[in-house]
Every structure is written in C-alpha cells, then in structure tokens.
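See below for the structure under consideration.
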Amino acid sequence: MSSEEMLYAQGAKIWVPHAELVWESATLEESYRKGAGFLKICTESGRLKEVKLKADGSDLPPLRNPAILVGQNDLTTLSYLHEPGVLHNLRVRFCERQIIYTYCGIILVAINPYAEMPLYGPSIIRAYRGHAMGDLEPHIFALAEEAYTKLERENCNLSIIVSGESGAGKTVSAKYAMRYFAAVGGSESETQVERKVLASSPIMEAFGNAKTTRNDNSSRFGKFTKLLFRNQMGVMYLQGATMHTYLLEKSRVVYQAQGERNYHIFYQLCAARSKYPELVLDHQDKFQFLNMGGAPEIERVSDVEQFNETVQAMTVLGFSIQQIADIVKILAGILHLGNIQVSKKFNEGSEEEDTDSCDIFHNDIHLQITGDLLRVSAEDLRRWLLMRKIESVNEYVLIPNSIEAAQAARDALAKHIYAKLFQYIVGVLNKSLHNGSKQCSFIGVLDIYGFETFEVNSFEQFCINYANEKLQQQFNQHVFKLEQEEYLKEGITWTMIDFYDNQPCIDLIESRLGVLDLLDEECRMPKGSDESWAGKLIGKCSKFPHFEKPRFGSTSFFIKHFSDTVEYDVNGFLEKNRDTVSKELTQVLSESNMSLVKQVMTLEEIDTLGVDPAKSSTLGGRVVISAGRKQQGNDTRRRVVPSKQHRKTVGSQFQESLASLISTLHATTPHYVRCIKPNDDKVAFKWETAKIIQQLRACGVLETVRISAAGFPSRWLYPDFYMRYQLLVYRSKLDKNDMKLSCRNIVMKWIQDEDKYRFGNTQIFFRAGQVAFLEQVRANLRKKYITIVQSVVRRFIYRRKFLRVQIVINGIQRHARGFLARQRVQKMREARAGLILSKYARGWLCRRRYLRLRHSISGIQTYARGMLARRKFHAMRDHYRAVQIQRFVRGALARRAYQKRRRNIIICQAAIRRFLARRKFKRMKAEAKTISHMENKYMGLENKIISMQQRIDELNRDNSNLKHKTSEISVLKMKLELKKTLEAEFKNVKAACQDKDKLIEALNKQLEAERDEKMQLLEENGHAQEEWLSQKQTWRQENEELRRQIDEIIDMAKNAEVSQRNQEDRMLAEIDNRELNEAYQRAIKDKEVIENENYMLKEELSRLTAGNFSLHGRKASNASSQNEDDVGYASAKNTLDINRPPDLLSKNYSYNDSTSLVVKLRAILEEEKQKHKNLQEQYIKLASRHKPTEDSFRPACRLTGRGP
C-alpha cells in the first residue's frame, strides 16, 4: 500500500474548494486507490459529492492536519503546510480561543479583534520580560523582547516591520512595541525620555491619521521610528528616538471620498474653537475642506478631548505656547483658504463670460481672515491665485488663471502649507526626542502601509504597492537566509529552495524606461499629459512580463504584483508626481510677518535616514517623502529654490527614500509583524475568510509557508521524537542510550525515500506531510495492538466471570433452601410469642402515653399562666409610668406656653399703651398751634408742602397696592401660618388667630391714624405759633424723656437681637437634623417674626421723631434754603413703605428644590441681621446729636427705614 493510499483512507479529513468559504472540510466516503479518477466525499454541511482527479493523483485534495496539531502557536509546525491548513489554524485560534497573535516562522501574525483586550498592562510586560520567543503565548511583547534581548546580547541594530492594510491595527501594534521598549529600556532617572517617546504618538495620529471607509484611525503616511539605546554596564537604556516619515497623503487635505474625513487635527481644532476665538472658526460642516466626506464624527471619540491630549503631548515634547498658537493659526488659515470663493469674470462692457480668467472678491471674508492669520498680504495672495507668471530668458509674462486653474492653485497651496507644517512638527519631535548624545545602537519600528487595491487606483496606491514589492523582496531574502542558516547549523545537506522572486516586477517599475523613468520623462515635457504617458507605457513596457495593457481604452494599465494584479488609472499621475505649487504664492508666504510661517516655508527636504539627527539643522523628519538627496557641508540649511528642470519629482524622491530604507533594513536584523483585518464591518471576532486569505497572500504569510514547505518544515528533537514514535519498531532496535540511532531505525523502517527526511545534529527534519504519515502509521499500529490486547483481556474477563457466577449460584441455592426452612419455623414461633408480647406492650404503651400527656399539659398550663401574668403586670407598669411621664411633660409644656404667652401679651400691652399715649400727646400739641403764626414763620414752604402732599398721595397709592398684593397674599399668609403654629403649641388655635387679627387691625388703624395726624399737622401748623415759646421749655423736657425712651428701645432691640440670634442658631441646628420641609416652615416663621419686630421698631422711631424737625430745622433763617426734597418731610415718603424681600413676594418655592430654598432662607436671615445692625447704628447717631428734638429724629428714622 502506497503512502497516498494509506493517508487517503476511508474517513480521512480533507479540504475542498468552496465558492464562499474558500475552503470547506470534507470526509472521504471511500478509500483512495491509485489510478482512480474520482473521490467520493461528504462535506461538512452533509452534502455528498464526487471530486474528479487526474490519473497520476497529482491533484489530490489537501489533507487536514491531525487534531494534535490544530491550534498550534506556530504555523510552520503544522504537518501539512498549505493554504487551508493555515487558514483553519488561524480561525480556530481567533474565533474559538480568541487568541489574536500567531507565529508563522519569524513572522508574528496579528489579527485585529475590534475589541478591548487585557493583554498590554504592566503585569503582561513583566511576564514576557526575560522569556525567549516561544516560551509563552505569541504576543507583540514576545517579539519586542526577542529584539531587545538580541540588542543586549549582540549590541547590533534591529528593526520591527509592521505592515498590513488600512484598519488592520498597524499603528496600535507599533505603539505597543514602542511602549514595551520604553518600559524595559527605561530607568527611574529617564522617565522623561520614556514619556516623550510615548507622547509622540498622539501628535502623529492627530496630524497624520484620518478616518477612511476601512479604518477610523488610518495612518496616511509611512513612519520609521528609531529608538536609540546606549550600553551602560551591559544593560541597554533608552536615550532617545528619531522619526522618519514617508509619502504623506497631501491630497486628503483638499479632497476626501464619501464616508471619510480629513486629518484629525482639523476636526479637533473646530471642536475646541471656543478656546481660540481669534481664529474665527465655525462648525466643521462650514468648511469646504472638511465637509466633502459627509462623516465628520467618529463613534465613541471626543474631538475636544483628543485636542486637549494633543496639546498636552506637544507641551511635553517641547512645543512652546507661542509655537502651539502659531500652529493652530496656520491650520485655521488652511481651512479659511479652502473657503475662498473663485467666481466667474465677465468682459468689460458686456455680459459675456470670460472663460480664460476668474475673479475673487476683494471683500471675501475668508481671504481677509487667511491673510490675518498667516500675516501675509491678502491682496498679494488674491493676485497670485488669479494670475500665474511664465518666465522666459529676459522677461516674464502674466497670464490669468481660469476658475479651475485658480482652484487648483489654491488647493496646491493648502497641500504645500500642510506638508511643510507636518515636516516642521516632525522636526521638532526629533529635536526633542534626540538628546544629542553618542548613539550606540537602535531598534527601528517601521509602521508602513500594506498592499492596497481599490476600484480606482492612483499614484498613491502605485507608490504604496511599489514599497511593498521592495519590502517583500527583502523579506523573501531574509527568510531564505534564515532557512539556510538553520540547515548549516544542523549540518544537513540541502538544495536551493525555489521561491518567488519579484525582481522582474521591481525592474518594471524602477529600471531604465520603466514606469517611474517614463513618468519623470513625461513630467519634463512642456506639453506632457497623462494620456501621452499611458501611450508610452504601452509602447515601452509591453516587453515586461508583469505589465499588461488594458483590453479597452488607454487610460489605465495593469501590473502583476506579488499578491494580486492591480489596475492603475493614469489620470492625475503627472500632476501628483510633479507636486508643483506656484513659486509666487510660496514667495508670498515666505514674506509673512509670522516667524513660524517663514521658517516652515524655508525648510529643506532631506533624507533623515542618511543624516545624523544630532548634526542636522533642518529639524529632521521628511514629510512628503524622505528624499535621497545628498547634502554637503553646511548647505543643508541653505535655502534653494530649484528650477523646474532640475527639481526632483515625487516618484524619484520616493524611489531614493525607499532605497535608503531598504539599505537600513538590510543593515539590521528584521522582525516582522503582519496585521490582518478580519472583516470590513469592524465587528468583534467576526471572520471573513475571503478577505483574510487575500491579506495572507498579500502580506507574505503564505509565501513564508510555501518556502518552509519547500524545505523541511517539520522538525523534531530526538528525545521528543523517540518518546512519541518508539512503538513503531521492535524493542530490539531501540536503545535509550543512543536515541539518535533509535530514531534513525524508526524513520528508515517507515519512510523509504531518503529525500523526505534529514538527520541533523539535534533535530530530525521532515518534508511536508511526513509527520502526518508517521502519525497515521502510529494510529494504525496502536489500533491493531489495542485490538489484540482487547480480545485477550475480554476472553479472560468473561471466563473468570462465568466461573465465579457458577460457584456463587450453587452456594446460593444451598444456603437459600436451608434459610427458607428455618425461616418458616421461626415465623411460627414468632407468631405465638407476638400475641403475648403485644398484649402487655399495648397496655404499657397506653399508660405511658397517658402519663406523658398529662405531665406535658400541666407544665404548659403552668408556664402559660405565669407568662400571661407577667405580661399583664409589665403592661400595667408601663401604662402607669407613661401616665406619670405625660403628666409631668404636659405640665411643663403648659407652664412654658403660659409664661411665653404672658410675656408676649405684656409686650403688646406696653406697645399699645405707649402708642395711645403718644397719639394723645400729639393731638394735644396740635390743638395748641395756630395757622397764622406758622404761615408767617415758615413762608415759602407751601409749595414744598404741596409737593410733599403729592408725594404722600403717590406713596399712599403705592402702599395701597402693596397692601393688596403683598400684605394680603404674603404677609397675612405668613402671619396666619405663624398663628396656626402658635395655636398648635398652645392648643388654642382660635384664640391666637383672633389675637393676631386684632393686632393686624390695630396696626392698620395705627397707619390710618398716622396718615390723619400728618394731614392735621400740615393744616394746623399756624396754630402752634402763639404757644411756641411757652411750650418750648416743656418740649425740651419731653425730649429728654424721649431720649431716655429711645435708650430703652435700643436696649430692647439689643435684647431682641440676642434672642433672635439664639433663635437662628437653634433653627440652623434643627435644619441639619429635621426634614427639609420642616426647616422651610421654621425659617419662614422666624423671618416673619424678625420682619414684624423691624416693622414695630420703624413705627416706634417714626412716632418718636415726628415733632423734632419743627424744633430743630424749621427756623426762619434757613426756611428758604430748603429744596423740594427737604429732609423735614422725608418721613412722609416712608410712612407706609414696608420693605419685603422680593424673593418671598414674587417667587413660589417648591419642595422639590428644598436644598436651594434653605440656602436662600439663610441669606434672607443674614439680610435681616444687617437691617438690625443698621437700625442700631442709626439709634447711636440719633442719641449723639446736639440737643435732639422730636422733629429731628423723625425724618432720619424714616430715611433709615426706607428699603433699598
């Protein structure tokens, strides 16, 4: 039986092609026979089908790997190295085990999970530190640790190449690799360096990343970061870093496809526009450069927070506040530049449109803002957007631009400014990251774009795929070199492995008369066009096997890349390759008054890979592409404006930059990370086979598998091989002391073809499929031996079981018969004895049951009666104590309420009696006055009295309205609530309400009496002239008595203030412990009490000072000097002016906002305290006046009582 027949036996698992799944698992229904033309299989979905085969069996379907090899960490350890085996192993690890990392030889395959994974914390870093690659599960940290260990051991330069298509996770993988190096290569004294290295990521992502249809954070440039290390006592410490960038996608600044965004920094700046009002920014939808894609938002990402993070990172990396402010001004200037409107221009004197020229309005707001932000002349900017200058030998000609040409010049200028700004930022980063010390060695992390193919592929995709061709060639050469070194180390003979060489494709692109050469030649032609270049390509490059011309048309061409055939559209190739911008526009920017704009526009483009960052004065990083231009001496800073004939194109610069990068990679030991995008929907752990297999082909994973399969991919150490396959030969041919000889005997017995294996120094090397063949032989032998052993063991077991059963049955029968006879006799004896025993037992049981029941009932009754008696006694005792407590409490409360009520009644009686006495005194004094005397003495006051009367009438009307609006609604309501509270405390609600109503009525009558008194005083002023002199001495004595009364009032006010303060303290203490509703009620009541006391004090002062003015101020010598606002009549202004806090009058409080209510009530209490303080100060002033009279006190007190 041949090895094919053994492997393709019935029940074997194979792979068959599938239209949607790419590969589908199936099982053989019949064994394969050599020469058969078909195979009967049953697919995994249960469908039976036949697979046609060639007669020689060369197209047999691939076999599935044994179950023991499924889910391996390293794809090259699979026995069957083919496309479906690799795909199935990755799917099992990713979907079933949710493991995103897998080795493929020297490659780390990383599949984007689109979910947060707890794999990158400090504990994980410590776990991988010091472990060799393969000791733990595959991880980006394991690859980084392998590189760092090699750096420490050999002190050589290394590189990590991260590639993959957009959205595969390249940027994140590179970020975590740099984080690992910063963690293991740092020290406590160098935390600032590590922080700067990690802080560069947010800046580069903001200025170089954008949202695409495939990725929300896609890097639109290539980046090679060198992490610089120095050796200190055998330990490598991180000392800095440098960054080199390639092929920034400048066209994204002015154009975005549907569903895409511009660079993140523009949207971040618009979101944070409130911080920079001088930029005159608006929502992002208002700017032409930002609203093309129609997708300005990114889910679960805040542009404001990202902007703050970017600014913070720039601060960490050495950007000054002025530099950051100038950078945002340049960014805002780019946005406003895109909004400059280019309009049609008409011929003078007619309405005919001039198609060869255009116009920009002088008052275009965005033109003016752009000029102000960039600090350039808006008129010069407008001029050179509308015109272009063509130079000849001795003169130049100005030619107007059409609308399309002007818009193209505007867009080219915007792209040029952003590219230069990006170059400047990278330069500042390099200057900050590199401390200038002597470089020992470095680890480079290359975050490069993967192979791209779209429906429409342009110049950017051509350059990207060209770079991937070069990197794939370098990768193939490195993999072949490692395989060769492994074979030489093991000392086995080997033959040249045939692998795919993409040098012909590279020659098509970069050789003489190749694609780039013809493109540069066409760019130098005065009338070169994309169509003519396409024609030259078809004529010159058809000889290359990797070039194909289109079947229809001549505006595209095909190139057969290593992963796929790509069609390129020639439209725009020449323009993007030239990358021209008007020299006059750049000159306008170079003359800017902003130093940063001038500095940015004079930057030179150099190849930072070939220049020492410490010596370069151009601030490092190349932005658009890293050109291979050689600089001599100090000419790197010299500003050079090359002519059109000698200026290098983008393609040639990128070719030189790529050659420099490849040279750098060849000089290092590379490690590879291939990032895979599992689906386009960004769904966590969703597997799309067709998309993944295309990426595996494009990133070189399958090529690695093919190279490994072409050699000896399966490798076993001698001890491991011996332990697993020792049963394949007889024991006589095994020797534990010489495992190599034993393994040789095993292999030579079952594998006849010597080309299928090699014996190395420490390992056995097998061709693809040989390990699976040995596994199949081992399984068959184990099945055969197990079957023989099982047959012998089963015969022995069943015979012994039969003999045991026979002996047991005979013994059982003998003992059973005797047992039955004895049992029958025993039953007869037991029946007789049972009758006798049951008679006595029943009697004894009944007596015992009765005695136990009686004893239990007696005990229960005893405890129950005692419990009930004790419970009744405790209830009676508690009731008695409660009655005694209530009696004493009620007595204390009644006495306290009685004392309080009695004190309040005495105060009210005293106030009323004092009020009645004063009113009687004033009435008697008014009767003693005569009108004629007052008219002679106070001439000229009649008009003032009339005006004051009008003012009093107005105040009366205002007070009347205030009484209806505030007194009836607010004051009376709060007083009524206070009375209700007093009624509840004294259990006499009705009597308290009546007392308060009487008090209110008395106060109203008092107000009316005061109004009548003032009118009578004005009418009877003449009657006081005759009795003035006789009453003067009496009034002086009365004033002394009034002063004594005022002192008593001040003492009462002080006592009231002390009691009020104590009451407020109690109220604030109760607010913290009681519910907010109770606090609200208590605060309202306390405030009402304070208002009433203030009101009573104002009334007392008004009555006491009513007559002082006539004695102190109404003299003939100064009567004429009084104006219409004489203070002597000011008391009439505030007679009925009752100040109420507007918050209590106009705002209804809600229990829902109880917290704010308590705060406001506390503020009102503080306001009332201030009023008391003002009253006290006024009393002191009145008491200190020289010879005070009753009339002199009255206006001052009324002015003091006036509200604010």
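Quick reminder: no glycine exception, Cβ is built from N, Cα and C everywhere.
What TrEMBL says about a protein is an automatic prediction, not a curated fact.
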For the coiled coil entry in TrEMBL, name the matching range from 336-377, 546-587, 924-965.
924-965
Segment assigned the feature region 'Actin-binding' in TrEMBL (from 60-82, 175-197, 658-680, 980-1002):
658-680
Whose Cβ, among the binding-site residues Gly164, Gly169, Thr171, has more other Cβ atoms within 10 Å than any of the rest?
Gly164
List the residues of the same chain that sit at least 6 positions away from Ala168 (ATP binding site) in sequence and have their Cβ under 8 Å from its Cβ, in sequence order, or write 'none'.
Ala110, Asn112, Gly450, Cys675, Ile676, Lys677, Gln695
Please list, in sequence order, the residues in the chain of Gly167 (ATP binding site) that are at least six apart in sequence and whose C-beta is under 8 Å away from its C-beta.
Asn112, Thr212, Arg214, Asn215, Ser218, Lys677, Lys682
The region 'Actin-binding' (658-680) [mean pLDDT, rounded to integer]:
86
Counting each residue once, how many in the region 'Actin-binding' (658-680) are helix, strand and coil under DSSP?
9 helix, 8 strand, 6 coil
What's the most sparsely packed of the binding-site residues Glu165, Ser166, Lys170, counting other C-beta atoms within 10 A?
Ser166
Taking the centroid of the Cβ atoms of Gly164, Glu165, Ser166, Gly167, Ala168, Gly169, Lys170, Thr171 (ATP site), which other same-chain residues have Cβ within 8 Å of it?
Asn112, Asn215, Ser218, Ser219, Gly450, Cys675, Lys677
